Amino acid sequence: MNKNSSNIMALAPNTSNKRETVCIFGTGDFGRALGHKMIQSGYPVVYGSRSTQISNLIPKDAEVLSHAEAAQKAAIIIIAIQRQHYNFLIPLAEILHGKVLVDISNNLKLNQYPESNAEYLAQLLPGSRVVKAFNTVSAWALQSGTLDASRQVFVCGDDVEAKQMVMNIVRALSLTPLDKGSLLAAQEIENYPLQLFPIWKFPIFLSLGLTAFFFFYCLALDVIYTYIYERNNFSFFIAITIPNRVCPVMALILLALVYLPGIFAAIIQLYRGTKYRRFPDWLDKWMLCRKQLGLIALAFASLHVVFTLVTPMRAFVSWRTSKGIISQVLNNKTEPLSNTNAWISDSYLALGILGFFLFVLLGITSLPSVSNNVNWREFRFVQSKLGYLALILCTAHTLVYGGKWFLSPSAYKWYLPNIYILSLIVPCAVLVVKFVLIFPCVDKPLTQIRQGWERNPKHSE
């Protein structure tokens, strides 16, 4: 009988898991969106507002009371108002004593105030337990349910119990809490939404700088030089021809720059004889933005594919083809098919297609939704082994396509090398050094160092 009773109790619904009431001060966009999401998750919500009249914007299952009445009904109060309005909380200090105050505010610029908003709130209400959270989630994401880009919620606070209570709410809303420590971390958390692609700055500025350089380099050789010495106006090259030369060059160089810091890291570890010393700051920052460099390289490669596909539709190409046909008709002579040129053409196209395929594969596996479903060995195989294969194929594609210009004196306008020659410097250097590093006499000690062996343990730091 006891056994049956226990089974019945196990199958009975657990009525003790009722959500605690949450109070929200503020009926703005974010306060309403957060309240709506909490109601969907089973939390009773009460709003504290200057006006207690029910608005059609407020979630229908929420209660609206004065600030003092709403605060008395909940142990957790979410402060969804701007810092400049915090002073109204001072008369409520006695009611808010011992309660958990969740500061969700953001500023208009980085380090706008000497202290964070959460620390300022804690100074105003020293008897309350202040926690910083939810400031990295947007109202639009809460309302629409598209949380893929903002699922992570940074949480910090000096009271461990209060912080845990807030993190439980975060989990109940199907978000992911990340404990950032004490309230001293609030300044960093508040600055986070104001940063504009912080990891992307170096890759973007580098790409813009190199793009501008190669664009004006091609403009000088293909348009200005031709106009000065041959009196041909090829200014229309700016629209398609020059971009279609710059894009593959940028894609190849940026792909090589993804693997170049790994080469530097291997050389430094071999020189030091240990892995227990930090790399230089510039190398650390470079290695952290390799994913961004690779994605920008993929964007340039994709543009190159699009520009190449539209090339047959260009008026210049049609004119040049018609001119060749008319020339053969007037001379009563048909140009025979050159097997050599046919092989070269098909070879660089095949290399380019295979290289771009691996390029896309690298980009797909770098997505969090994909990389989270593969183990470290699989991820490393794709990003390292197949990555180097993609670099080899793309380099070979450029070599086969641009090889005819390397030894041609007419290609050196103003004694400057063709753009394709410049594009091969970095990738060829990376591949040559990588080839040396895979020799057993070099690879074996490097592997031992990365497994923890040290040449001079007493000098390691």
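Glycine is no exception: its Cβ is also placed from the backbone N, Cα and C atoms.
Record features (TrEMBL):
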- 21-107: domain 'Pyrroline-5-carboxylate reductase catalytic N-terminal' (DOMAIN)
- 249-394: domain 'Ferric oxidoreductase' (DOMAIN)
- 204-229: transmembrane segment (TRANSMEM)
- 249-271: transmembrane segment (TRANSMEM)
- 292-310: transmembrane segment (TRANSMEM)
- 347-365: transmembrane segment (TRANSMEM)
- 386-407: transmembrane segment (TRANSMEM)
- 419-442: transmembrane segment (TRANSMEM)
Of 204-229, 249-271, 292-310, 386-407, 419-442, whichever stretch has the most CB pairs under 8 A to the transmembrane segment (347-365): 386-407
Surrounding residues of the transmembrane segment (292-310) on its own chain - C-beta under 8 Å, 6+ positions past either end: 199-200, 203-204, 206-207, 240, 243-244, 247-248, 250-252, 254-255, 257-258, 356, 359-360, 362-363, 366, 394
Helix, strand and coil totals (DSSP H, G, I; E, B; other) for the domain 'Ferric oxidoreductase' (249-394): 122 helix, 0 strand, 24 coil
Residues from the same chain, set at least six apart from the ends of the transmembrane segment (419-442), whose C-beta lies under 8 A from its own: 214, 217-218, 221, 245-246, 248-249, 252-253, 255-257, 259-260, 263, 266-267, 270, 388, 391-392, 394-395, 398-399, 401-402, 405-406
PLDDT averaged over every residue in the domain 'Pyrroline-5-carboxylate reductase catalytic N-terminal' (21-107): 89
